[in-house]
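Have a look at the structure below, then the notes.
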Amino acid sequence: MTSHSFNQSFLSVTLTQGSTDSLRKGSIETTFHIEEKQIVEELNPGERARILRKLDWHLLPFVSLLYMLSFLDRANIGNAKVAGMSKDLHLIGLKYNIAAAVFFILYSFAEVPSNIALKLFRPSRWIPVIMIAWGLVMTLMCLVDSFRSLVVARLFLGLTEAGLFPGVTYYISLWYPRSEQSKRIAIFFSAATVAGAFGGLLAYGIEHMEGVGGLHGWQWIFLLEGTATLLVACISFFCMHDYPETAKFLTETERAYVIDMLKQDANDLATHYHIRFVLQAMKDYKTYIQVLIYMGLLVPVYAIALFTPTIINELGYSATHAQLLSVPPFIAGCITTILVGVYSDKYKIRGPFIIGGAFVSIVGYILLYCGGRAGMSYAGTCLAAIGVYPTIAVDLAWAGSNAGGDLKRGVVIAMVIGLGNLGGICSSFIYIDPPNFHMGHGTIIGFLSLSILLSLFAMWDYSRLNKKKEAQCQAEGLTDSRRNEFKDMGDASPLFRYAI
C-alpha cells in the first residue's frame with residue numbers, strides 16, 4: 001500500500017467519524033481501532049524509516065546535549081584537579097578520592113524516585129527543573145574554598161543530577177520500539193565521550209584564565225560549565241517534547257503509526273501508574289543481574305572519566321599536555337559507541353556485544369598494568385575506552401527492553417543506573433598507587449570479568465525463559481489475540497519475549 005493511499009484511507013475514517021451522525025459512537029471507535037491496527041502492517045519500510053528519522057532529528061540532538069553537559073559537570077573535577085585544585089584546597093591523601101566518591105551516594109538513591117516523578121509529571125517540565133538545580137550547584141562550585149565545602153557541593157551535585165541519565169534513557173524507551181533503542185541510547189550516551197574530549201579541550205583553554213576576576217583557572221572551569229548548563233536548561237523548557245501522543249512535529253498519520261508501533265512492540269502491556277509495577281521491578285532477580293553487569297562496566301567508565309588526565313600526567317607528560325592527550329581516547333570511544341549501537345540493533349542482540357567490548361577493554365587494562373613505556377600505556381588507555389564505552393548503551397537497551405510495561409521499565413532502568421552507579425564510589429578509591437596504578441587497573445580487570453560472566457548467564461537465562469514461554473503458548477494455544485488478558489503481568493506475560 002502506498003503512502004498516498006494510506007493517507008486517503010486514514011482520512012476517510014476521520015471524515016466518516018465526523019459526518020455520519022447516524023452511527024453509534026461505539027461503531028465509530030471500532031472502525032477507527034481496526035484502521036489504526038492496520039497502520040503498522042500497511043506502512044511500507046521506507047515510510048517507517050522516514051518516521052523514525054523524523055523522531056531522531058527532533059529528539060536525539062537535544063537530549064544528547066543535555067547528557068553531554070551532565071557528564072561534563074560531574075567529571076570536570078578530574079580536569080580541575082590537574083589544573084591546580086588539589087594544591088589550592090590542600091587535597092592531600094584520599095581527600096580528592098572522597099570528594100569524587102560522595103557524588104554517587106545521593107545520585108544512586110535518587111534515581112528511582114526521579115523516574116517515577118518523570119512518569120507522573122511531564123518530561124518537558126521535570127528534566128529542565130533538575131537541570132536548573134544542578135546547573136546552579138555547578139556554577140556555585142566556583143566558590144568552594146576548602147575540602148569540606150567541596151564535599152558538600154559534590155553531594156548536592158549528585159542529588160540534582162540523579163534524574164537526567166535514567167530519565168532520558170526511559171524517555172527514549174517511550175518513543176522507540178525495543179529493536180530500535182540501542183543505537184539511539186548509543187548516540188545519546190556517546191555525548192559522555194564527547195564530554196570527556198570536550199572537557200579536556202575546555203580545561204586546556206580555561207586554565208589560561210588563571211587570576212582573571214580573582215579566580216583560579218579551576219574555579220573558572222566550574223563557573224563557565226555551570227553557566228552553560230543553566231542557559232541550556234532554560235531553553236529546554238521550550239524544546240523538549242513529552243510523548244508521541246502530544247508531539248506537534250508529527251502529523252496525525254505519523255502519530256497514529258508511532259503509537260500503534262509502540263503498542264504492538266509492548267504487547268499492549270500496562271502503561272498506567274500502579275505500585276504493583278514498581279514492586280514487580282524490585283522483586284525480579286533479573287533486575288539485579290543487570291545491576292551487577294552494569295556496575296562491572298561502569299567502574300571503568302568512571303575511572304576513565306575521573307583519572308585519565310592523572311594517569312597520562314603520571315606517564316611523564318605535563319599537566320597541560322595531559323589535558324590535551326586525554327581527548328583522543330574519548331573521541332575513539334564516541335565513534336565505537338555509535339557503531340556498536342547501530343550493529344546491536346541491526347542484529348537484534350545485546351549480550352555478545354557487551355562481552356566483546358568488555359574483552360577489548362580488558363586487553364587495554366592489561367597493557368596499562370604491564371606497561372613500562374608511555375606509548376604502550378597510552379595505547380592501553382585508548383583500548384580501554386574503545387572497549388567499555390559502547391557496552392553501556394547496549395546494556396541499558398538490554399535491561400530496558402527486557403522489562404515489560406512502561407512503569408516497570410522506568411523503575412528497572414533507574415535501579416540499574418542508580419545501584420550500578422555505586423560502582424563510581426569504587427572507581428574513586430582504586431587509583432591511589434601512582435605511577436603504575438596496579439591496584440586500579442587490576443580491580444577494573446576483575447569488574448569487567450564479572451560483567452562478562454554475568455552476561456553469559458543472562459543470555460542463557462533469557463533463552464531458557466523464552467523457550468519455556470513458547471512451550472506454554474503452544475500447549476495452551478495462546479496467541480496475540482489474547483494480549484489483554486496478560487497486560488498487567490509485565491514481562492512475565494507468556495506472550496513477551498526477551499532480547500538475547
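Cβ coordinates come from backbone N, Cα and C, glycine included.
Unlike curated records, TrEMBL annotations are generated automatically.
As recorded in TrEMBL, the features of this protein are as follows:
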- 59-500: domain 'Major facilitator superfamily (MFS) profile' (DOMAIN)
- 55-72: transmembrane segment (TRANSMEM)
- 92-114: transmembrane segment (TRANSMEM)
- 126-147: transmembrane segment (TRANSMEM)
- 153-173: transmembrane segment (TRANSMEM)
- 185-206: transmembrane segment (TRANSMEM)
- 218-240: transmembrane segment (TRANSMEM)
- 291-312: transmembrane segment (TRANSMEM)
- 324-344: transmembrane segment (TRANSMEM)
- 351-369: transmembrane segment (TRANSMEM)
- 375-398: transmembrane segment (TRANSMEM)
- 410-432: transmembrane segment (TRANSMEM)
- 438-460: transmembrane segment (TRANSMEM)
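Contact check: the transmembrane segment (410-432) against the transmembrane segment (153-173) gives at least three Cβ pairs closer than 8 Å, residues 6 or more apart, which meets the contact criterion. The list of residues near the transmembrane segment (92-114) in space but at least 6 beyond its ends in sequence, with Cβ under 8 angstroms from a Cβ of it, reads 74, 77-78, 81, 86, 126, 130, 147, 150-151, 154-159, 161-163, 165-167, 306, 411, 414-415, 417-419, 421-422, 424-425, 427-429, 431-432. The predicted model assigns the domain 'Major facilitator superfamily (MFS) profile' (59-500) a mean pLDDT of 89.
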